[in-house]
Amino acid sequence: MTRAADLFRRKAASVVKEKANAEAASAVPAASGAEVSDVGAAAVGREMTAGRKQAIAAKEAAGAARLAALAAQKAAREEHERAINPNIAKTPIRREVPLRKPKVVVRIRPLASSGGHSNEGEPVSKRLASYGNGKIVLEDEMGVDYGGARAAHARTTEYTFAQAILGPESRQAEVHEAAAAELVQAVCADGLNGGEGYNALLFAYGQTGTGKTHTIFGPEPSWTSLRHEQSGILPRAVASILDTMRARAGRISSVLSCSALEFYMSSCLDLLDEGATCLIGADHRPLGFTTLELDSEQACLDLMARVRKTRHARATRMNEASDGHAGSSRSHCAIILTLRQLERSSARVLTTRLDVIDMAGAERPRSVQSTLLAMWDHEKGVEPTIAGQGLVINYELSQLRTAVVQATEQHYKGLPLVNTKAAGTEFIEYTKGCFDGSALLSMIVTLSPAHSCGWETWFSCTYGEDLQRLRCPVQPQKPKPLARLLAAAEAAVKRAADDLELGDTNGANPKYMARRACQLRHETRTLEELRRLAALGADGKSALSRDGGGLFDGLLDGLCVIS
């Protein structure tokens, strides 16, 4: 536009000058004609300059208005995203919080004497060649057919994502020390006395039959003690937390509670309530689940037995059932340990959480269309086949991997993690919220040395490689006044009860009524746990101690529980 205006100005000045020269030649002396032409050109030039300035000013005003509109849209979008997920940061860059990387540990199962994890199966082009010294080496045989003669060329790929590689001879204690010990210490940290307590998440991923459940829970014959030689990560973690609670009982009242969820065929089920349906909230945390107080080692052993009895499992070719072993887990299982510590001298509460996820076995990827059909059949009451279960499992594991990649990109750019609601399952919604920096992360990748499992081993290695790239701005949990927590919990219960009653009066959609009922159940149980902690503090006790001494008189007055 500026160039066109300039050309127009020059053209107008030229026309005026020619006209003035012609008139001067016929009737006016030359000197007078020159003056007229110059005056005319100057007048036109001034008019064009003023027009140009007006055009520039209008353009700048339009640009400023557009920038203001974009800023308003961005602010509205961020406000909407914060309403969906309250955990995301309000500012786009959080440079004050260091980025932490997850810990990735590889465990290789022993070669079986028979079955899918023996060398009875037909070898495939990929295979586990070697491991050790921080490297996992896979060989890929690329063959070329020359008139019936096949020439194989081996190509090796090295994976260095693992902080620790544990072979078939590794003991359960070594696996716990490598993958979980630091997380448990972070959850138990004395955040009420200058330390920093963190939430933590540990999950096991790998091909079906490679030892994920064995690693997390331990074999069933070991379920006689939390300190059995074959005890898995979960019982060892509970034993460590109980020891910490006993050691601090003199000044801190503590309550350790546990929930057990199963993510099966796109749904979230409560393993402690005969498979009752739970929901995932807007903050990607489960709602409506049962909590069980773990006040002794036996309580944890009973919990594992209940989970084993209720969880979906089947015998498959890669993971056969036997005495003391249910076969292949056909669902993801999440055990959520919540530790609440009350410092009696200051009446402050520190709440930390450890999520331990035993994922269903990964299998060969299949089509997404078949996956959706399998989920649809299950919704209609059709019992899914092993293949149908595998399709949904693969879909969920693939979506989890996508969530890891997206979180990695956003955190590297210094952007807040925004988890959009998409067509997915409850497991996908739950795990998406694990990468927002709210918890320290650790992953155990289980592999098979069998020659027939080479492709699954390769896929598991690429999965671990993706997770190792993730960086999250993890922040410690802060202690909060008990009185404030109790007041907030009571208000949340009342608000949830009012919402449920209002929806019932107005004839709300049953889908929303179920969510409101879950919300009320969740808020009520949270209040009950806080009241339990306050009662222990008032008596000067821990859930595991017998110390006396009355404190917090009147803290519980006026509080009620809506059930």
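Using the three backbone atoms N, Cα and C, a Cβ is placed for every residue, glycine included.
All TrEMBL annotations are machine predictions without curation.
Per TrEMBL, ATP binding site is recorded for GLY206, GLN207, THR208, GLY209, THR210, GLY211, LYS212, THR213. Look at TrEMBL and you will find 101-470 tagged as domain 'Kinesin motor'.
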Inset, instruction - Reduce the DSSP letter at LYS212 (ATP binding site) to three states and note it down. - result: helix
Inset, instruction - Averaged across the domain 'Kinesin motor' (101-470), what pLDDT does the model get? Just tell me the whole number, please. - result: 84
Legend entry - Local backbone state of GLN207 (ATP binding site), from DSSP in three classes: strand
Legend entry - Least surrounded among the binding-site residues, given as GLY206, GLY209, GLY211, when other CB atoms within 10 Å are counted: GLY211
